[in-house]
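Notes for the one structure printed next.
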Amino acid sequence: MESQQLSNYPHISHGSACASVTSKEVHTNQDPLDVSASKIQEYDKASTKANSQQTTTPASSAVPENLHHASPQPASVPPPQNGPYPQQCMMTQNQANPSGWSFYGHPSMIPYTPYQMSPMYFPPGPQSQFPQYPSSVGTPLSTPSPESGNTFTDSSSADSDMTSTKKYVRPPPMLTSPNDFPNWVKTYIKFLQNSNLGGIIPTVNGKPVPPMLTSPNDFPNWVKTYIKFLQNSNLGGIIPTVNGKPVRQITDDELTFLYNTFQIFAPSQFLPTWVKDILSVDYTDIMKILSKSIEKMQSDTQEANDIVTLANLQYNGSTPADAFETKVTNIIDRLNNNGIHINNKVACQLIMRGLSGEYKFLRYTRHRHLNMTVAELFLDIHAIYEEQQGSRNSKPNYRRNPSDEKNDSRSYTNTTKPKVIARNPQKTNNSKSKTARAHNVSTSNNSPSTDNDSISKSTTEPIQLNNKHDLHLGQKLTESTVNHTNHSDDELPGHLLLDSGASRTLIRSAHHIHSASSNPDINVVDAQKRNIPINAIGDLQFHFQDNTKTSIKVLHTPNIAYDLLSLNELAAVDITACFTKNVLERSDGTVLAPIVKYGDFYWVSKKYLLPSNISVPTINNVHTSESTRKYPYPFIHRMLAHANAQTIRYSLKNNTITYFNESDVDWSSAIDYQCPDCLIGKSTKHRHIKGSRLKYQNSYEPFQYLHTDIFGPVHNLPKSAPSYFISFTDETTKFRWVYPLHDRREDSILDVFTTILAFIKNQFQASVLVIQMDRGSEYTNRTLHKFLEKNGITPCYTTTADSRAHGVAERLNRTLLDDCRTQLQCSGLPNHLWFSAIEFSTIVRNSLASPKSKKSARQHAGLAGLDISTLLPFGQPVIVNDHNPNSKIHPRGIPGYALHPSRNSYGYIIYLPSLKKTVDTTNYVILQGKESRLDQFNYDALTFDEDLNRLTASYHSFIASNEIQQSNDLNIESDHDFQSDIELHPEQLRNVLSKAVSPTDSTPPSTHTEDSKRVSKTNIRAPREVDPNISESNILPSKKRSSTPQISDIESTGSGGMHRLDVPLLAPMSQSNTHESSHASKSKDFRHSDSYSDNETNHTNVPISSTGGTNNKTVPQTSEQETEKRIIHRSPSIDTSSSESNSLHHVVPIKTSDTCPKENTEESIIADLPLPDLPPEPPTELSDSFKELPPINSHQTNSSLGGIGDSNAYTTINSKKRSLEDNETEIKVSRDTWNTKNMRSLEPPRSKKRIHLIAAVKAVKSIKPIRTTLRYDEAITYNKDIKEKEKYIQAYHKEVNQLLMMKTWDTDRYYDRKEIDPKRVINSMFIFNRKRDGTHKARFVARGDIQHPDTYDPGMQSNTVHHYALMTSLSLALDNNYYITQLDISSAYLYADIKEELYIRPPPHLGMNDKLIRLKKSLYGLKQSGANWYETIKSYLIKQCGMEEVRGWSCVFKNSQVTICLFVDDMILFSKDLNANKKIITTLKKQYDTKIINLGESDNEIQYDILGLEIKYQRGKYMKLGMENSLTEKIPKLNVPLNPKGRKLSAPGQPGLYIDQDELEIDEDEYKEKVHEMQKLIGLASYVGYKFRFDLLYYINTLAQHILFPSRQVLDMTYELIQFMWDTRDKQLIWHKNKPTEPDNKLVAISDASYGNQPYYKSQIGNIYLLNGKVIGGKSTKASLTCTSTTEAEIHAISESVPLLNNLSHLVQELNKKPITKGLLTDSKSTISIIISNNEEKFRNRFFGTKAMRLRDEVSGNHLHVCYIETKKNIADVMTKPLPIKTFKLLTNKWIH
């Protein structure tokens, strides 16, 4: 450590901030701090002289200016007005320094808190300001430890000794040489000891001082180290003990020491609030802080012990249950009182986990109870304990104690008829004659309980316990799957549990059951008298060791925890269990099988079971009468609007739901059943507060007190659909009403209120007295207020900011919306039917019983229960009868979806998507085999057709017998007339309806039946959203809807390009989103529409044969410029003649008349490019299934990482099934699933505005680089790494010496700060970093970021070599066998003089913060330093080295032999002759400190680190560019979870994902944190992408546009990109040397564009640049203008590439004198035709006409060859859209791998 040099002038006094100030003789009644500076005792002549010349307080004086703070004051004196801990400094008026503490090279003053200003720091009296320990006692460090005894004298003795040893504390001398540091530090330590600070010095035994407190959260740990520090300082006796009292009384000296050290190591800003509260009362009461801290430590210890005890509970009945209960409840109460809340669920889990023995089965009973409490659990424990105590001597025991087994080796067997044994002592009999009892209980397979038992030692063969595979019913039995399940952690896999309490054998697997048959008369109950459903009964056959076979009866049920083998049934076949020998044996002693003891149970292996050939359908399909078969719970759950199981059971028990009873439902899966639609639709943050309204109203009669609230608006809906709804809830009955609203106007609200009041008055003969509402304008307006006043109704408004009072209406709206989202998610119906889902939910909710009242709202209102047979699941597919068809041969059925029962008739409201209307009708048939969204999730075999038929049979019979068929059904919510639609499109509708019910559909033949009511299964799918502007009447649903309309390849041209049918196809009817064979005879559901209008497209018609007829249909064929266009974004096309269009079919690549001197120019350009090799594709024939296909209008505006604007996305029709890599990435969410769950691919544009959303952000300019440097305090002051700290200190001295050597500032004069204009004063700082080669570097820099504009010339620029120039030079070096030499110029900027008059503060080690020095050199960080250095080195290279700068490319210099690329202080030299490089180096060394990093003279592979690129170069062969080492170091520091699932990504993103642009709701602190995180992540990704990972630029650019919109989705996509970078960090950009026979250089730009796939229909454009077949750069960006067609987007992309292509051409010609050929490659033939066309009239009126004309002139004037490239070979495709894995790899694996 260096000394503190305060000044170079001797008259400035020196001293430490911690040194005491001693005065001369002072009277006892006088404050020593009032003594003037002239009376301070001088300690040498120099200081005497200095003091005589001063008129103010010396710089080192510790005398404060506010004298009242230094005088003794009682603890009651309030703290200063600026707060309890204002920073104050011990200084004179001219020495203000805002910088505060500065630890290495400290400034001349130190700020002081009220600690230091207190009387304890400067105690009054004649003694010195820093009390000294008497010589008899010594310093705290020199005395024995407190354990050896107390050696302190009393306070009077200490005072006298200190008074006698009074002396002035002399500061240490100045350090003048590094060699003197050992001697100097000894004097410095002596100085600290004399200043009563010896306790902070590490002792000889190495005991450290306490660390600095840096956070309030660290205070508990810090105070432990501080107490240890006091103990090491022989002050352990003053520390409070457990009872809060110290061993001895603290002296004044010790209190001073305690006070000083506490304030040094615990800065006030880092103290906890409770510590600050103590100090605010008495800022000297450190002892109270220590006492309180020790109390907290003891409390934390008790809490930890309680938590450990609770987590390790063990109970087996050996102790009384009361004692166990008391112990547990006391622990829980203590934890709750200490703020650690243990809820019932957690407590029950912890208790049950510790149960063993007879109590272990209670682990699973919780699955049969909802919300089990601790008290309920202990009731069960007490019941078992009492039963255990009562039957200990009388109960037959099959698992005896070892003492019992000595006397009797045989277990007791009962050969009599099995009888029921109940655990509950209150229920000993069972009324059912054929009742068996299972010893364990049914449980879920996913039980989270754990087992603490371990397998006991056994003489039997070892058993494999790690089989975790589940053998499901119906799975083929193999040897490897005998151990089929592991249902719980304490089960022994592959074994049967031997149970003496079970009267029947039960097994979960059907594969061991022989002769299975149903037996509905058997009723099995568990220990808690709950029914266990039985699927079948059969025989269990054994083949034992003695080759004997036997069988017993077995019951099949999946609802048990273990497979149970009844000892009673074994005894019936003469088999007993001997637990002494641990074997099964016959009565004659023949051993049959070993027994294994595992945990508390005994087991026998399943290997002795004979498997059967029975299949699962045989078990499940055993004939059972419909009268006895129970309804599956998932079916009832969906039928009743996805209500929870508890509510449904209450409703059935209380008959609020009629037609069947609670026993008719299979509740076995109700507890563990998770409905995916409920999880998605009902996801919520937290629950509303219940019971809060009770303080606002009294008790009312039914329908006298109503709650109301309005929800909405719902955006992007058709005009016919409501945007709001208003709900009403009766306080007493909880009856609900909902009414749709299209707006929130006063008259609309008034109409609803009039309706609801009239309904209640007429139907319930009640009068509404009070209506509770919020303070929305729709309720507080004068019109409604007068209406309520007129009707005598009191409006009850919620108070401001008291939303709790409106809990009833809020909870109802939340419940209805949860149900709505769930119903829409489950059914797949469009969003404009949302209110129908609300109505359906309201009907059901009014019929469900409340758990509190045990009645439903309908029962409270006096209404009958809801007949469930009148309900259909929401969205149930049906076929509606068309009562008025267009003709007699017209199909009579229309596909539809059931919504809810009609309010106005006995009919049902059904949605007809083909007609865009809903009808009220009874003329419908349920469509079998289709459970709407059940195919989306794995519902196993949940098909409810039979259940639905049984349920609705009585209702349909009622309709058939009692209702007269109406001639006209009631139409509601119709967008247009039903009959008129049929008349407009008769042929179209006929095709649709015939397809919808065609028996030749793709359903397997086995699904057809002879029942006339059953309709064949069809893949009908409700559309996710319907555009209100679509006029087609045949919008049929598909099973899965693709986010991107599929484009089929219609014809393969002779050139290899693809003509695409420019019409989106509906997704086919299959599980996967793929097309079947085009020649398949199965029909497909396509969309039909009218023919295209002439003003939209210029099509020729291709004849297509229709199915089953001789007439030819025509499919519109797109013209050439339409091949890249999507119908959803149609724009006026360019009219091209037929001859021009046809000519494009045969000329590939296309040549211009004036740019093709040779026939094979274009071929040679394409031949050298790293394009993918594609297998030849046969011509694709059109399918007979094609009809006239309509467009789909879409208004999608979501920002995309692929999807709807993807002009190059298509699907090959003749492919039977596309592979996984063609459709999706390895992310498990597919494109279809993502869009179904998160997006609305047919939604209109959103009107919401996002907060913090910017319209467009440039990828690089918006990114802040990651800070890799350290500040002075981080590198040295607070650096805990001693070795690293030493290296940084060495780097610091090296930098200072370099600055002095370079004469960076004027050392002859120091300026006073007041003399200099403040705007010319530049702040300075030291920054430290660790370079990639491991060296530590320090840099003294100026704060140019706050530099005044008047101090530099804004016109000067700091130039560095462009990355394209470096890549071009490297590429030419490889092709021409150049030597590459890398140089570094040390402190380059310091070689440049500075013209302006600027001043900086001196470095910290000088200690001259009040002085300034004038700069002479361009210090790093100044605005002008870069420009000054550039001019300096440029002048030297030109004049002394004979170089010249390449025009247009700054920092690129060349002469006849050498090329130099300059990047600040790094130089890269390229030359054919290595001696030429050496000559340049010799010249540079004459002027600059030049270091050779890599001479590059080896002929083997040479590794470089050039500007962040890790380059491997072997002259004449190859060059590889990567960043593996850098990424390996940097990415883990980003705190991104890497490889969370242990797998690697194969693509950086997923096709078809859209960034949701809804309003971002986030608090400000979290927003700033996430923006900062995005800046770090995208900053690193951008750095890597623009260096060499050009394949990632699209993703980087898209995410960079959302840096200021850090939603969860954006962050997840960014994490995925970083994950891909990590997985592919070893990838390199590969270059190979060009063929030596090539006569010229070839510079090519490949262009591509994705039309309208960015927000607001902006297009993404991308370009890749190649030199001699080597990729040297790429660019991906969003088009600045909104393009109106694909052609315009392609023209925009090409025009963006031309300027850079021309500049690169000039650079290549300057560096290499070979001729150059320039090429432009695109996959847009329409763009090429425009460029080569001479006809200007055809696009004169187009939006892009001027840009096209300019592009044509540039192509002609710059001799550019425009060539066509196949889309599948266009590697620029990766710049414009996310691609499937296979395509992404195909386009990139040749140039980066």
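Note that Cβ sites are derived from N, Cα and C of the backbone, with glycine treated the same way.
Record check, Swiss-Prot: Mg(2+) 3 site residues include Asp1648, Asp1723, and the candidate from Glu1573, Glu1688, Glu1690 also listed there is Glu1690. Within Asp1375, Asp1384, Asp1556, the residue that Swiss-Prot lists together with Asp1465, Asp1466 for binding Mg(2+) 2 is Asp1384. Compared over the binding-site residues Asp1384, Asp1466, the count of CB atoms lying within 10 A of a residue's CB peaks at Asp1466. Cβ neighbours within 10 Å of Asp709 (Mg(2+) 1 binding site), excluding its own Cβ and spanning all shown chains: 21.
Ranking the recorded positions Asp499, Asp709, Asp1648 by the distance of their Cα atoms from the Cα of Asp1465 (Mg(2+) 2 binding site) places Asp1648 first. A count of other CB atoms within 10 A of each Cβ picks out Glu1690 as the most crowded of the binding-site residues Asp774, Asp1465, Glu1690, Asp1723. Within the model, the domain 'RNase H Ty1/copia-type' (1648-1790) carries an average pLDDT of 86. Its own atom aside, the Cβ of Asp1648 (Mg(2+) 3 binding site) has 31 Cβ atoms within 10 angstroms in the protein chains shown.
Other Cβ atoms within 10 Å of the Cβ of Asp499 (active site, for protease activity) number 24 in total over all chains. Counting residue by residue with DSSP, the domain 'RNase H Ty1/copia-type' (1648-1790) contains 69 helix, 38 strand, 36 coil.
DSSP assigns Asp709 (Mg(2+) 1 binding site) to a strand in the three-state reduction.
Of all the recorded positions listed here (Asp499, Asp709, Asp774, Asp1648), Asp1648 has the Cα closest to the Cα of Asp1466 (Mg(2+) 2 binding site). Ranked by CA distance from Glu1690 (Mg(2+) 3 binding site), the recorded positions Asp499, Asp709, Asp774 have Asp709 at the top as the closest. Each residue in Leu1383, Ile1385, Ala1388, Phe1463, Val1464, Met1467, Lys1491, Ile1493 lies on the same chain as Asp1384, Asp1465, Asp1466 and has a C-beta within 8 Å of the C-beta centroid of that Mg(2+) 2 site, without being one of the site residues.
The closest partner of Asp1723 (Mg(2+) 3 binding site) among the recorded positions, by CA position, is Asp1384; the full candidate set was Asp499, Asp709, Asp774, Asp1384.
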